[in-house]
Amino acid sequence: MLKELSAGFCLKTFLAELVATFLFVFVGLGSTLSWSSAIPTVLQIAFTFGLGIGTMVQAVGHISGAHLNPAVSIALLVGAQISLVQAFFYIIAQMLGAVIGAALLSEFAPPEIKGAFGVNQPSNNVTSGQALAIEIILTLQLVLCIFATTDSRRSDNTGSPAISIGLSVVLGHLLGIYYTGCSMNPARSFGPALITGNFNHHWIFWVGPITGAILACLIYDHLFAPYLISTSERLEILRGNMVEENEKANRRKQSRFSLKKNTLSNSRRSNINIKL
């Protein structure tokens, strides 16, 4: 834990997550504004959020991993891929970035075009239970995509994680907009809710995405591609002993097999600071 703090880890990655989440929320919410000359469409909103995520993954993925989403950070924490300190600072940065993005957009947008300002709410005739289920399922597919596209054990993974993750966000919006406006991201929901003061049904957009993300972690790590790691190693990662864990991971790389041959290694990634 102290090694993370002393190495400047927190400041650099904190700022990367804050700035990236700010830009993502600013652009994403901007696509929901109702200009009289151009009413936003579902396709426009879906691709704006997807392109925003894809762009930020490409921009800061090598710095912080570009989580931009508390649900993603919590899933990686549950999977023992980041430390408690890292998860804490990431979530704080994401929340601040989302609030700043929503606040600046609110200042720049004429009052008559703000509408609901992208606040996530269950649509008419959609119950809270249905909205919750949709958020769980949509976040499940997103986090499964993240885990699969960033799995360094895969020798067949030659595509771009930024594109894959961005398209997963687009996919979620193409369905989810009709139900809840589509969140999949507690920070994205918190920013506009705080600025507008509208927290009706807000709990759905925390419980749903976090539940879906944890389910995705458990399914991928324990069913699809078992991530074999001892309890002591898991605790080292959670405590922030990243240097020691990285050395162990590098030693394990020498005996790692390809997923193409249906053989899984004992370590998913050679670097615990996930790079999306």
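Keep in mind that glycine also has a Cβ here, set from the backbone N, Cα and C atoms.
As annotated by TrEMBL, transmembrane segment applies to 9-29, 41-60, 72-105, 131-150, 162-181, 201-220.
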Checklist line | Maximum Cβ pairs under 8 Å to the transmembrane segment (72-105) - stretch from the list 9-29, 41-60, 131-150, 162-181, 201-220 | finding: 9-29
Check: Does the transmembrane segment (41-60) come near the transmembrane segment (201-220), with 3+ Cβ pairs under 8 Å (pairs 6 or more apart)?
Finding: no
